[in-house]
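**Q** Next up is a structure, given as structure tokens.
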Amino acid sequence: MSSGLWSQEKVTSPYWEERIFYLLLQECSVTDKQTQKLLKVPKGSIGQYIQDRSVGHSRVPSTKGKKNQIGLKILEQPHAVLFVDEKDVVEINEKFTELLLAITNCEERLSLFRNRLRLSKGLQVDVGSPVKVQLRSGEEKFPGVVRFRGPLLAERTVSGIFFGVELLEEGRGQGFTDGVYQGKQLFQCDEDCGVFVALDKLELIEDDDNGLESDFAGPGDTMQVEPPPLEINSRVSLKVGESTESGTVIFCDVLPGKESLGYFVGVDMDNPIGNWDGRFDGVQLCSFASVESTILLHINDIIPDSVTQERRPPKLAFMSRGVGDKGSSSHNKPKVTGSTSDPGSRNRSELFYTLNGSSVDSQQSKSKNPWYIDEVAEDPAKSLTEMSSDFGHSSPPPQPPSMNSLSSENRFHSLPFSLTKMPNTNGSMAHSPLSLSVQSVMGELNSTPVQESPPLPISSGNAHGLEVGSLAEVKENPPFYGVIRWIGQPPGLSDVLAGLELEDECAGCTDGTFRGTRYFTCALKKALFVKLKSCRPDSRFASLQPVSNQIERCNSLAFGGYLSEVVEENTPPKMEKEGLEIMIGKKKGIQGHYNSCYLDSTLFCLFAFSSALDTVLLRPKEKNDIEYYSETQELLRTEIVNPLRIYGYVCATKIMKLRKILEKVEAASGFTSEEKDPEEFLNILFHDILRVEPLLKIRSAGQKVQDCNFYQIFMEKNEKVGVPTIQQLLEWSFINSNLKFAEAPSCLIIQMPRFGKDFKLFKKIFPSLELNITDLLEDTPRQCRICGGLAMYECRECYDDPDISAGKIKQFCKTCSTQVHLHPRRLNHSYHPVSLPKDLPDWDWRHGCIPCQKMELFAVLCIETSHYVAFVKYGKDDSAWLFFDSMADRDGGQNGFNIPQVTPCPEVGEYLKMSLEDLHSLDSRRIQGCARRLLCDAYMCMYQSPTMSLYK
């Protein structure tokens, strides 16, 4: 096979890429123009379709004796651009491309591609699927469970899908990972009990235990398959009513899961008849099917042309998107039995009626009433159709079926369109009203030849200022909503059209093609083509002007019905049942938008059910405060904290106001758009803007007091400790660094020991519900660890001694200190006097009244895969926990809105009652509900003093 290699340079301006992919069926020999070396591109390589900007399409115009070629960028050699003959490639859809690209051996990749049933079943393999894994060739397969599905490195236009499998039974210990890939934890399992493999090494275990084994085919199996009875691009006919219609075969094969029914044929009709989109049962069988003119029928309903006819220029028609090239399917084709017969047999197949609704005759117009959008001259938005004279012969269509079962925001998801033709009273074929995406702009289809490449788009918008990228609406009942992806004027039409990508699938729509020409690319059944003058700005939003970016969209569009209140009155947090009723549900908490989860979750933790920092909201402005101090404080108090406590909801618009203020700080940037760390946010807000008196005052080894707003635990991992508590971690850190609190804090924010967002020092951390900081305070009376009397000395070297209150800070009275350090192992210990308050009442400690300084846990901030969520305690009961996610759900697509949600998670209380030993032995994957995230993903734990929270 020969092909032209244009260069080994990076593909930039000369081409633009589309998300269409092809598999090479023949080996390529190409020359690198830089090195003049011959490069081999093996069969089984995958290329991405590219288009030449200068000519508007990727095919090299055919000359006499030469066939069409298409341009490809080989994914394995991303700088190589080459042209290949159409016959030497086959198109595959993106989902199959992802599965195949993970297989590095091109021969094995091609073999799996030809085994299309196995490949189709690969789409069913997901997290939780039971599988068998072939680790080494010729050896037995090991059972396992899929724990991860996705790309390992997302660095290409499309990335290969790998499967992370936890090996079970005899496979345990035979793997090579614990779920970590290049330092990133993709799933969790025991050491050497996990593997990352591609689909060719997997076998899905199904209910009947057959799995994919019967479908597995090696390269040698594929040559024994019967070829289909009809060749691609061959001409055929079929009876439609009383007339005969002709077309070209673009698909001929058995249907996945329906092999016993025999062959089915996809025909691209010469006239606009049919409504097959190339899919069957969710599997794309043919990528060149057009809902405007393609039909799928059983082979019994097809009549091959017996006489030579002049054909249309052949389309790029292959067994594509999961279907192999002719004769290369690896499962057995059906024999000529009762289920199949010679093409042209006139016994209508049962599945013909199943796939196409009914027979294509006059009865169809009775059983399948089409619906179309009528033209209303008074409202230009209604003028979506221009009926040809043929339409006058058809009786008016009835009203569309009732759609009351759909919610108002979902009614436009699907419409009962029909794309067939009905016989006219005079015997000719008259158009029935077609879908909005076809008939509203079709005109006389036969007067215009098939357009191979899109015309240049028209850059200017309409009178409403609509342009490419605008949120638009096509006013109908119900209306269509979407984003304009293309504006232009196709050949043969006098009107300027707009190509919209709809929010949801709609029957009769395409994937970006119109009349056989691709104008943009989107998901199937989401591309709608209408006259530009019929479009209006999306009426669901307050602003009619398009916005330039996500930052301004948050404000100018007002987020529809997602605005929140402004509350001037100072409001303490509502606790227990009252707080629960206010806060739980969807559209509760703080709405996330554009990488704001770090800020949403931190604010929710600090203020939803705690008043520990309320003084921050009340301090009057002083002369040294910055100019926007009052603006920030007022925003926090009246638009965020108070509404959150009264109504349980704050919209993203208010948070964006705060993010813009954070951007004003000279040392800060990216707060309106980038992902940030909570500690960075707290430092900017508390230190630079609000000038909050530092929450913590810490002294190191008698040195000057250091001020800070939160404390991060730094320590080396102790392999002897399975699940540490926050109490242990804080004490270890203070002892090892020789630190003390100079004052008892009213609010203590502790950052967990971890490096960055990904690496955790401990797999689980137990969030102590109560924190005793008495032994960590300066000038505070403390109990002797032995007798309970007033401690006079502290010994850091005794801390690790397992014989004396293991894992506790050691302080002793004078007598006990002498006794303890008489032991030979402790003779050389260096202990120091405990600092005590000068005015300590003598009778207090003599009567055992040494007070304890304790703090209560009120919130935990967690992170998993760069997304922050929050756990908050709303009452005294152990089960009084709520889980908050600012981006729990979504309304709409790319230009939609996040929906925050707060849910009760009482199961947390049960896990916090468990012993540390039981918690350590518990498999993290078996932890129910949200509790796993609390125990495994803690980022910050927040404590408050029950007696001081309103005074500091």
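Glycine is no exception: its Cβ is also placed from the backbone N, Cα and C atoms.
Positions annotated as active site, proton acceptor by Swiss-Prot: His867. As annotated by Swiss-Prot, Zn(2+) 1 binding site applies to Cys784, Cys787, Cys813, Cys816, with the evidence given as similarity to another entry. Here Swiss-Prot flags 153-198 as domain 'CAP-Gly 1', drawing on sequence analysis. Annotated domain 'CAP-Gly 3' per Swiss-Prot: 488-531, in sequence order, evidence recorded as sequence analysis. According to Swiss-Prot, the feature region 'Interaction with TRIP' maps to 106-589, an assignment based on similarity to another entry. Look at Swiss-Prot and you will find 311-350, 386-409 tagged as region 'Disordered'. Among the features that Swiss-Prot reports, region 'Interaction with TRAF2' is placed at 390-465, with the record citing similarity to another entry. Swiss-Prot lists 466-680 with the feature region 'Interaction with IKBKG/NEMO', giving similarity to another entry as the kind of evidence. Taken from Swiss-Prot, the feature region 'B-box' applies to 777-829.
I'd like to know what surrounds each of these features in this structure.
**A** Taking a C-beta cut-off of under 8 angstroms and a sequence separation of 6 or more, His867 (active site, proton acceptor) has the following same-chain neighbours: Cys597, Met887.
Residues within less than 8 Å, Cβ to Cβ, of Cys787 (Zn(2+) 1 binding site) and separated from it by at least 6 positions along the same chain comprise Cys813, Thr815, Cys816.
Summarised as a single figure, the pLDDT of the domain 'CAP-Gly 1' (153-198) averages 84.
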**Q** Specify all same-chain residues, apart from the site residues Cys784, Cys787, Cys813, Cys816, whose Cβ lies within 8 angstroms of the center of the Cβ atoms of the Zn(2+) 1 site, ordered by sequence.
**A** Arg785, Ile786, Gly788, Gly789, Ala791, Phe812, Lys814, Thr815, Ser817
**Q** Using a 10 Å cut-off, grab the number of neighbouring Cβ atoms around the Cβ of Cys816 (Zn(2+) 1 binding site), all chains included.
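**A** For Cys816 (Zn(2+) 1 binding site), the count of other Cβ atoms within 10 Å is 21.
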**Q** Measure from the Cβ of Cys813 (Zn(2+) 1 binding site) and count the other Cβ atoms within 10 Å, all protein chains considered.
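**A** Cys813 (Zn(2+) 1 binding site): 21 neighbouring Cβ atoms within 10 Å.
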**Q** Which residue counts does DSSP yield for the domain 'CAP-Gly 1' (153-198) in the helix, strand and coil classes, in that order?
**A** 3 helix, 15 strand, 28 coil
**Q** Mind checking how the region 'B-box' (777-829) divides into helix, strand and coil residues in DSSP?
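**A** DSSP classes over the region 'B-box' (777-829) add up to 13 helix, 7 strand, 33 coil.
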